[in-house]
Structure formats: C-alpha cells, structure tokens
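What follows is a single structure, written as structure tokens, with notes after it.
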There are 2 protein chains.
Amino acid sequence: MVQGTLLYAQSGGVTAVINASAAGVIAEARARKVKVLAARNGILGALREDLIDTSRESAAAIAALAHTPGGAFGSCRYKLKSLDADRAKYERLLQVLQAHDVRYFLYNGGNDSADTAWKVSQLAQAFGYPLHCIGVPKTIDNDLAVTDTCPGFGSAAKFTAVSVREAALDVAAMAETSTKVFVYEAMGRHAGWLAAAAGLAAQSPDDAPQIILFPERAYDEAAFLAQVDKVVKTVGWCVVVASEGIQTADGRFVADAGGGTDSFGHTQLGGVASYLAGKVKESLGYKVHWTLPDYLQRSARHIASRTDWDQAQAVGKAAVQYALKGMNAVMPAIVRSSDAPYRWKVEAVPLHKVANHEKKMPAGFLRKDGFGITDKARRYLQPLIRGEAPLPYGNDGLPKYVTLKNVPVKKKLPAWEG
Amino acid sequence: MVQGTLLYAQSGGVTAVINASAAGVIAEARARKVKVLAARNGILGALREDLIDTSRESAAAIAALAHTPGGAFGSCRYKLKSLDADRAKYERLLQVLQAHDVRYFLYNGGNDSADTAWKVSQLAQAFGYPLHCIGVPKTIDNDLAVTDTCPGFGSAAKFTAVSVREAALDVAAMAETSTKVFVYEAMGRHAGWLAAAAGLAAQSPDDAPQIILFPERAYDEAAFLAQVDKVVKTVGWCVVVASEGIQTADGRFVADAGGGTDSFGHTQLGGVASYLAGKVKESLGYKVHWTLPDYLQRSARHIASRTDWDQAQAVGKAAVQYALKGMNAVMPAIVRSSDAPYRWKVEAVPLHKVANHEKKMPAGFLRKDGFGITDKARRYLQPLIRGEAPLPYGNDGLPKYVTLKNVPVKKKLPAWEG
C-alpha cells in the first residue's frame with residue numbers, strides 16, 4: 001500500500017476530454033491502491049478544503065467519466081500570483097494538503113496551472129513537506145510549451161474541421177440563390193491553432209475554407225474583402241474561418257470593433273464573425289451567414305478525436321506513475337517521433353519549462369498570403385484529429401454522460417478566510 | 001423496362017439527410033431500371049434544362065450520397081407563383097420534361113415545393129401529358145402538414161439536444177468563477193420546433209436548458225430576466241435556448257432589435273442570442289456566453305438521427321414506388337402509430353393537403369410558464385432523435401462525404417429566357 005493520498009484538481013476552461021484525463025488518473029491510482037480526492041471547482045476547492053472522495057464513485061462511473069465532456073469536479077478561473085504576493089494562499093493550500101495526508105498533487109490545466117503546481121512544489125520543499133506535484137496538460141488553445149500538443153485541442157480541432165466541411169456542403173448547394181459567404185468564428189485569442197485546424201477540411205485549393213484569418217497576421221480589411229470577392233467569383237461561394245483573436249495592424253481586436261450599440265441604444269456584444277459578415281454584406285452585397293460555435297467547439301465530445309482522447313487518458317495515467325515513482329515538478333508531455341505514420345509517446349518534462357511560456361504557431365504553418373495553412377501545418381495537425389473516440393448512446397438518442405456523486409470529504413480545518 | 005425518365009430536384013434549405021432521400025430515389029429507380037436525371041440547383045436547373053445524368057455515378061457514390069449532408073445536385077430558393085402569374089415558367093418546365101421524356105417528377109422540399117409539384121401535375125393534366133408528380137418531404141423546420149415529422153428535422157433536433165447537453169456540462173463546471181449564463185440560438189423563424197427539441201437534453205427540472213424561448217409565446221423581457229436570475233440563484237448557472245423567431249407582444253422580432261450600429265457606425269447584423277446575452281449582462285451583471293450554430297445545426301450529418309436518416313431514405317424510395325404505380329400529386333408522409341415503442345410507416349397523402357399549409361407546434365407542447373416543453377412534447381420529439389446514423393470516416397479523421405461527378409445531359413431545347 002502506497003503511503004498518502006492523491007489530490008486531483010481541474011483548472012481553467014474545460015474541454016471535451018479533460019475528464020478522460022481525470023478518469024486516467026483515478027483508474028491508475030485505483031490500480032495502485034492510492035486514494036484519490038478531487039478538489040471541487042479546482043484550486044478554490046483545495047483552498048476551501050472542499051474536497052470530493054472519488055472512492056465513492058463506482059468503476060462504471062469512472063469508465064463513463066472518460067467519455068463525459070465538461071469538468072466533472074468543477075473547474076475555475078483563479079490564478080495564484082507569485083509566492084510573495086499570495087503567500088497566505090499557498091500556505092493554506094499546503095495546510096489542506098497536509099491535513100488530508102496528500103502526498104501527490106495533480107493539477108490539470110494550462111500554463112497558469114503548470115506555474116501554480118511548480119510553485120506549490122517549491123513551497124513544499126521549503127517547508128520540508130514530502131509532496132509530489134505533477135502538472136497534467138489540458139487546453140484547447142494548444143499553446144503549452146514543450147509538449148507536441150495539448151489534450152483538448154485535437155477534439156476541438158476535429159469539431160472545427162468537420163463542421164466547416166459540413167457547413168460548406170450546405171453553402172455550396174444553396175449559393176446560386178441564397179448564401180454566398182459563410183463566416184465561422186474559431187476560438188483562439190492569441191494563436192490561430194483552431195482556425196488552422198479548419199484548414200484540414202480542404203482537400204484542394206477551391207475547397208472550404210477558402211479563407212482563414214489568423215491572429216498571427218494583421219487583419220487587412222481591403223485585402224480580406226478583395227479575397228472574398230475573388231473566391232466568390234471563382235468558386236461561386238466562400239467559407240471564411242476567422243480566429244476570434246484577429247487584430248488590425250495597429251493592434252485593435254476586430255472582435256471589439258464588432259461590439260457597439262444596438263438599435264435601442266444598448267450595449268451590443270462584439271464578435272469577429274458577425275463583424276466580418278456585416279462587412280461582406282455591406283461592401284460586397286453578398287448574402288452572408290455566420291456562426292459562432294463558442295462553447296460547442298470545446299465541449300463536443302460526440303465528435304472527439306481518438307488521438308486526443310487516447311492522449312488525454314495517457315497523460316492522466318502517466319501523471320500518477322510519475323508521482324508514485326517519486327518524481328516532482330514535472331508534467332507528462334506528448335512527444336511526437338513521426339508524422340506519418342503518426343507516432344507519439346508520453347515523457348516527463350520539468351514544469352518550469354512549461355510554466356509561463358506560450359507556444360506560438362510556427363511561421364512556416366501559414367501560407368505566404370496569410371489566408372491558409374501550409375503542407376507543414378497539415379502534417380502536424382492531421383494526426384491530431386484522427387480517429388473517432390467511442391461514445392455510448394442511450395435509447396433516448398443522447399450520449400450517456402455521467403454525473404458523479406461528488407461526495408464531500410469531512411473538513412478538518414477552520415474555514416478559509418481567503 | 002419502365003417507360004420514361006424520372007427527374008429529381010432538391011428545393012429550399014438543405015439538410016443533413018436530404019441526400020439520403022436522393023439516394024433512396026436513385027437506388028430504388030435503379031432497381032426498377034428507371035433512368036434518373038437530377039436538376040442542377042433545383043427547379044432552376046429544370047427551367048434551364050441544366051440536367052444531370054445520375055447514371056454516370058457509381059453504386060458506391062450513390063451509397064455514399066446517403067450519408068453526405070448538403071444538396072448534392074444543388075438546391076435553390078426560387079418559388080414559382082400561381083399558374084396564372086408564372087404560366088410561361090410552368091410551360092417551359094413542361095417542355096423540358098417532355099424533351100427528356102420525363103414521366104416522373106420528384107420534387108424534394110417543403111411547403112412551396114409541394115405546391116409547385118401539385119401545380120405542375122395540374123398543368124400536365126391540362127396539356128394531356130402523362131406525368132406523375134410526387135413531392136418528397138424535407139425541412140428542418142418540421143412545419144409540413146399531414147406528415148408526422150419531416151426528414152431533416154430529427155437530425156437538426158439531435159444536434160440541438162446533444163450540443164445543449166454538452167455545452168451545459170461546460171457551463172456547470174465553470175460557473176463559479178466564469179460564465180453563468182449561456183444562450184443558444186436555434187433556427188425556427190415561425191415555429192419553435194428545434195428550440196423545443198433542446199428540451200430533450202433535460203432529464204430533471206434543474207437540467208439545461210432551464211429556459212426555452214418560443215416564437216409561439218410573446219417575449220417578455222422582464223419575465224425572462226427574472227427567470228434567468230431565479231435559475232442562476234437556484235442552480236448556480238443557466239442555459240437559455242432561444243428560437244430565432246421570438247417576438248415581442250407587439251410583433252417585433254427580437255432578432256431585428258439585436259441589429260444596429262457597431263462602434264464604427266456601420267451596420268451590425270442582428271441575432272437573438274447576442275441580444276439576449278447583452279441584456280443578461282447589462283441587467284443582471286452575470287458573465288454570459290452565447291452561440292449561434294446557424295448552418296452547423298442543419299448540416300451536422302456527423303450527429304444525424306437514425307430515425308431521421310431511415311425516414312429520409314424511406315420517403316425517397318416510396319416516392320419512386322408511388323410514381324411507378326401510376327400515382328400522381330401525392331407525397332409520402334410519415335405516419336406514426338405509436339410513441340412507445342415508436343412505430344411509423346410511410347403513406348401517400350395528396351399534395352394539395354400539404355401545399356400551403358403550415359404545421360404549428362400544438363399548444364399542449366408548451367409548459368404553462370412558456371419556458372419549457374411538456375411531457376406530451378417529449379413523447380412526440382423523443383423518438384425523432386433516437387439512434388445514431390452510421391457514418392464512415394477516413395484515415396484523415398473526417399467523414400467520407402462524396403462529391404458527385406454531376407455530368408450534364410445534352411440540351412435539346414433553346415436556352416431559357418426566364
């Protein structure tokens with residue numbers, strides 16, 4: 001019997017497969033007879049000592065957890081600052097861990113979470129408390145350093161490529177007498193990874209999306225509109241995929257320009273697709289439709305990528321193995337050894353190499369004209385959307401997603417005054 | 001060998017399964033040795049004598065057509081007026097049919113198409129031309145009379161229910177520190193069928209969607225905002241599904257109110273979800289996200305309903321059988337004999353009973369407070385999203401959708417001067 005308890009917490013925006021990582025953690029820990037607690041609503045639950053006893057969940061529930069989107073224990077947007085600025089919080093966290101004999105702390109999130117896990121490990125060392133802190137990667141933004149890709153991205157990428165291809169078939173069929181231009185808004189405030197993934201829908205130059213707008217390139221309205229017009233005149237219709245983060249050359253977010261005042265004089269929320277659609281209609285006169293998939297793109301477990309799902313489970317499992325081996329301040333990263341055939345493995349990387357770095361899209365991934373992706377990008381992206389992750393459906397036609405019992409652990413400490 | 005050719009045309013907005021009806025038509029006609037032509041871009045192709053020879057497509061291509069969304073031969077929004085007003089067009093149509101020895105005209109669409117097919121059958125009779133006109137039902141709006149449901153609706157309904165359930169898991173996980181209200185805009189300008197289908201995502205009263213807004217009920221802003229606030233205070237978060245067609249008591253479309261002027265003084269396209277999200281943010285101060293799935297909801301073959309897919313193929317097949325039996329001016333309708341177990345069959349109904357009628361949602365389908373559906377509605381809707389329609393995927397992670405060759409038939413008539 002391994003000594004000590006494992007605490008698992010989810011952090012930041014959830015994905016279609018973060019629960020697959022959670023299931024990987026719990027299944028591996030159970031196999032090794034390690035007790036797993038989960039923090040409710042991420043690090044906030046850890047600070048509040050609001051912990052969940054995962055041993056109360058059946059094996060069937062944990063198996064179903066692996067194919068349930070969202071964050072089963074709750075997540076949060078809550079960033080701990082530096083050790084100096086937030087010292088009381090870090091110390092409280094350590095107190096909670098100690099009170100529940102937590103020797104393994106697994107934090108499932110993005111850049112900030114890697115940073116937090118690293119700081120907690122530093123503090124534990126300073127206090128002489130034997131704690132193994134492991135980061136578990138997760139983000140649809142695909143912007144974590146070192147790892148080849150991030151669990152969550154591949155499934156959102158697959159949703160994007162499939163949806164764009166499907167919508168394009170609709171637009172192509174109707175273009176003569178109806179919509180000629182369709183604009184799809186992809187998530188990605190800082191990097192155009194998901195917009196790039198839409199490029200996988202195209203097999204030849206005239207295929208949709210004929211135009212992709214990336215935050216990596218300044219948005220040039222005249223050039224954009226000219227390109228739309230050119231595509232419509234050549235192909236008969238045009239599908240545009242725009243990253244929410246596109247900016248003009250002077251650094252203004254186009255999404256902010258889209259907001260304004262509605263016809264009643266009230267605040268109108270912004271949006272890149274709605275803005276671009278308005279421009280196309282106004283300047284070119286084409287009938288236009290647009291979509292803002294928003295959370296649908298990051299929660300669509302029904303169209304999850306098998307590669308992504310496998311990797312999400314693998315990093316969860318590896319995190320437990322690293323912790324039990326006595327490793328500390330590391331994160332399981334996806335390492336790619338070959339594009340075709342696609343080969344990957346999981347390797348431990350130091351958390352400080354991941355924390356506070358942001359992986360940008362390589363310049364070589366964008367076509368010279370800035371409106372599409374290169375073959376190099378395709379070779380990188382393609383394996384990430386490959387395969388269909390299995391999903392059981394009920395007789396009601398809906399996926400069988402699980403709701404855990406989330407039984408709380410009895411508190412041992414005074415309430416947190418944070 | 002049956003005498004004469006069959007002409008098939010697609011009309012109006014396409015769906016995830018209209019090509020399944022086309023495949024049903026072609027496969028059944030092939031089995032009976034009837035030659036099938038298709039009109040390019042719907043009735044326009046028929047008027048222009050722009051016809052496609054479907055015999056040039058392989059059996060494999062027609063099999064793949066059955067699972068390809070969009071409209072493989074092109075569709076159009078083009079309504080023929082009355083026989084008097086558009087007499088020249090109807091006569092041209094008849095000339096084209098005669099020139100290609102078309103004895104069977106199958107028109108796959110909604111209300112207007114049923115009306116057109118009916119008129120063409122009247123005209124052919126008046127001219128003494130032996131023509132069998134069959135309407136093939138199709139619309140995601142589910143508003144055709146007589147038929148229990150319309151092919152295309154069930155798949156859009158399944159996309160809606162699944163997407164709402166998935167997004168709700170995301171919102172629930174993040175609500176404490178992030179988005180508390182999520183607004184989903186469903187298609188449905190005149191009737192709230194798709195918004196109602198979202199109600200299938202809920203299994204208990206606190207489940208999402210906690211609020212549905214229907215065009216059948218006047219939009220009362222104060223009551224809506226009070227309900228949102230109540231749900232957030234009870235559940236912690238709230239998912240709203242709004243039909244694009246909701247109107248205020250004085251008959252204004254809320255979607256139009258949403259449009260206005262952006263921060264640059266230019267036209268801002270409207271939208272119900274964006275409008276409601278803005279109101280929630282402004283009035284209640286909750287963080288809000290919204291989605292406008294737009295064409296994604298009607299083209300998402302990847303999450304098509306098996307019931308819908310089966311019915312789409314069945315009405316295509318039945319249409320050919322009716323035509324070859326010598327029936328005229330009829331449409332294969334779905335007739336339901338039982339909710340549970342769900343039992344349905346296809347029966348011929350006269351086109352004039354379908355044409356120009358609009359099926360409204362029964363009043364008994366809406367909850368008294370107007371924010372949800374009744375058990376009666378669930379019993380009707382549930383079987384329509386049941387089952388997952390099979391879909392082959394390629395090694396590239398994308399569905400294997402087919403692009404037909406669409407080889408044109410040699411023209412025999414002078415160009416149309418329409």
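In case you wondered, yes, glycine gets a Cβ from its N, Cα and C as well.
For reference, TrEMBL has these:
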ACT_SITE  A:ASP141  active site, proton acceptor
BINDING   A:GLY13  diphosphate binding site
BINDING   A:ASN111  Mg(2+) binding site
BINDING   A:THR139, A:ILE140, A:ASP141, A:MET187, A:GLY188, A:ARG189, A:GLU244, A:TYR295, A:LEU296, A:GLN297, A:ARG298  substrate binding site
DOMAIN    A:8-321  domain 'Phosphofructokinase'
SITE      A:ASP112  site 'Important for catalytic activity and substrate specificity'
SITE      A:LYS138  site 'Important for catalytic activity'
Spatial neighbours of A:GLY188 (substrate binding site) among the recorded positions A:GLY13, A:ASN111, A:ASP112, A:LYS138, A:ASP141 [C-alpha, 10 Å]: A:ASP141
In three-state DSSP terms, the structure that the residue listed as 'Mg(2+) binding site' belongs to: helix
Inter-residue C-alpha distance, the residue listed as 'active site, proton acceptor' and A:GLY13 (diphosphate binding site) (nearest angstrom): 10
List of residues, in chain order, with Cβ under 8 A from that of A:GLY13 (diphosphate binding site) and at least 6 apart: A:SER75, A:ARG77, A:THR139, A:ILE140, A:ARG298
Chain-internal residues near A:LEU296 (substrate binding site), provided their CB is under 8 angstroms and they sit 6+ positions away: A:PHE159
Average model confidence [pLDDT] within the domain 'Phosphofructokinase' (A:8-321): 94
Set of same-chain residues at least 6 away whose C-beta sits under 8 angstroms from A:LYS138 (site 'Important for catalytic activity'): A:GLN10, A:SER11, A:GLY12, A:THR15, A:ILE18, A:SER21, A:ASN108, A:GLY109, A:GLY110, A:SER113, A:CYS150, A:PRO151, A:GLY152, A:ALA312
Alpha-carbon distance [A:GLU244 (substrate binding site); the residue listed as 'Mg(2+) binding site'] in Å: 20
Which listed residue (A:ASN111, A:THR139) has most other Cβ within 10 Å, given these are binding-site residues: A:THR139
Site with most surrounding Cβ atoms, counting all protein chains shown within 10 Å, from the recorded positions A:ASP112, A:ASP141: A:ASP141
Cα separation, A:ASP112 (site 'Important for catalytic activity and substrate specificity') to A:GLU244 (substrate binding site) (Å, whole number): 21
Recorded positions near chain B, Cβ-Cβ under 8 Å, from A:LYS138, A:THR139, A:LEU296, A:ARG298: A:LEU296, A:ARG298
